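According to TrEMBL:
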- 1-27: region 'Disordered' (REGION)
- 35-53: transmembrane segment (TRANSMEM)
- 127-147: transmembrane segment (TRANSMEM)
- 159-177: transmembrane segment (TRANSMEM)
- 184-203: transmembrane segment (TRANSMEM)
- 223-243: transmembrane segment (TRANSMEM)
- 255-277: transmembrane segment (TRANSMEM)
- 311-329: transmembrane segment (TRANSMEM)
- 341-365: transmembrane segment (TRANSMEM)
- 377-394: transmembrane segment (TRANSMEM)
- 401-420: transmembrane segment (TRANSMEM)
- 426-447: transmembrane segment (TRANSMEM)
- 837-857: transmembrane segment (TRANSMEM)
């Protein structure tokens, strides 16, 4: 391995704060590229070796689609494949596959903008897990390569040694614990050095056009982590400018250039920000959750490699080499005290900002994080690696390394006496720290002693590279192994196998879109089965589930969790009929003779666009049964009166709610009876109840929780020949049922209502990527109702007339046809924020091109030059 020679070594030893110098010495592009590739190969190789040793896909049979990776990212990439190949429902503006139609551009910008995700169409659809894996892997590699160059911008020195530290950043514990299950965040590993390089150019007054473009690329790939990277780049820039020997005016001017670079770069991707912001503003809100931070000693312990606890913490570990060097930096007397204090203060202040709630929320874009409160930890890892390079470039002495080692001992003691110190965690951490620490000390000391001897330096460098590689393998392996202990939460989802292929084939065989919908049904594989299997169901799990959708589906008796950010397909025939579902998959996983794990069922359903002469029931309809009747244009539900026959007395409230008391073991269970038509289907309006419901001997355990989880209208079979319905409910705590607790569905009346709606429905109906049109029966009056829930962003026209906004028709998409009657209609969707974002991009382009254009004009035309 090639390193700096004697003269370069002496320059690196000087006590001049080169790190703050206004200009960085020129680099050799060839060596920089080679070192960057070396860092990328080393980081990606270590990651792959660790996955291979774990037997994890694509190197073994063990799945890696854990948590959101399986529930969101694999289905989202599958839908992206369908769109590219012209087989999906919708386009970049709209998604017809999920939740009966929802906006899509916000999802694309948030979950799929990592450029490596766009490799998906190049693979077979059944291999969708491979591009998802490559998105993470290539982000690690590119981030490591760019970090190698970024470190050279901070302080010159051997690119090969920089590459070794960059590997620690690419394989930091955040990359494994947070970035790997969320490929969109993996782009943060790229954004940190990318934006850092752009800011460095700005501080030097160079590359005005290229700098903002780098910022734009970082923000486009994932604006969430790019914002964190930008904050970090700003903090680092403050330290670097402070260390310069320039006048105050020059320092302020350089910071102004950096701010302008960031502003122009962000403006270039304004559509990404504004569309995502509008999508977030229109999304179903999550209730505020308390931010729980681990104790100080537990936070410090996360600096060590191979550490993962059951609670969320700052995933900042960057390997033993970088940690040792970073902790040795304050002891290096050859470094000016001013510089040591400035960089150490940066680490302390940044750490404090990650645990002080107002600044913690600022790191997360102004909103309290829904999940780990340390999502920004990767930028701290980048700072650790930067300080480590400031130490390594000066070759710390043995005494200085021992000072850093002493601090590592203190951190180990924090881990030993912290909240969690089980043998499982310590079994990986202690050997890694001891062996890795000793090898790092020996390697850095040998590197210092080999100064001036090229062959010895290369041998030591190669040994350090092997140490870093082995440490990276252990880091990834141990973190994955420790995470695997926290099942079932981290149990991999089944996203591609024989059952998913059979399910997708069954849906494709009965696909009649847009005449009707085919629904994946029971969410057997993932929380976004409609995208995974290319169906048109009601399921959808995203941070951008529209509030309109969550509210409407909940009011119509469909289930949701996460306060509406995960909605489910209907589980009663009437709801399926309203949304045009003619085939669906029914869970059969409990049947050992069914290899597919499902049974496809069929039913009649209304057309996707129906014509209603009457105005919506609106506030008059207070229960799902009443709203479904109104949408079907007929009374298909019979709601019997419940009578309590045994158990502790329940409270029948005036508003129709039923409060059932809690029961303990040995107590009589509250029992209720009612009468329904023979042969009708019994469904319970379960709402937010938590307990076990039994109807005529059929039981179901419901885990409702207000306001997070609301159940729908689960079915309990058909009413017997005696017409009786017996319901019991057991729960340790009192539970409140919503009004009209039981509904009995008359299937014959449902079939008649569906037939009537087909008879009065449109004579032609077409759906495009983000719009639809219909020809109606001559002079239709009243309302046309589209079986979808999102209205914001839509604009409609009746008979080619002026644009009008859709209205709420019992939660669905209503279009007033006017009193004189209508013959046709058309509607188009425009993502909120996209037009304003386009204006922002135009402003950004002006900011990008006007300054160099002005200079070009001045050089070319003497008339515009200032007079002497």
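Using N, Cα and C of the backbone, Cβ positions are placed for all residues, glycine too.
TrEMBL entries are annotated by machine, without manual review.
Here the transmembrane segment (426-447) lies next to the transmembrane segment (401-420) in space: the count of CB pairs under 8 Å, restricted to residues six or more apart, reaches at least 3. The recorded stretches the transmembrane segment (223-243) and the transmembrane segment (311-329) do not share 3+ CB pairs below 8 A when only pairs 6 or more apart in sequence are counted, and are therefore not in contact. Between the transmembrane segment (311-329) and the transmembrane segment (184-203) there are fewer than 3 Cβ pairs closer than 8 Å, counting only pairs 6 or more residues apart in sequence, which means the two stretches are not in contact.
For the transmembrane segment (127-147), the residues of the chain that approach it from at least six positions outside its boundaries are 36-37, 39-44, 47-48, 57-58, 64-65, 69, 73-74, 77-78, 81, 114, 116-117, 119-120, 162-163, 165-167, 169-171, 175, 179-180, 183, 186-187, 189-190, 192-194, 197, 382, 385, 495-496, judged by C-beta separation under 8 angstroms.
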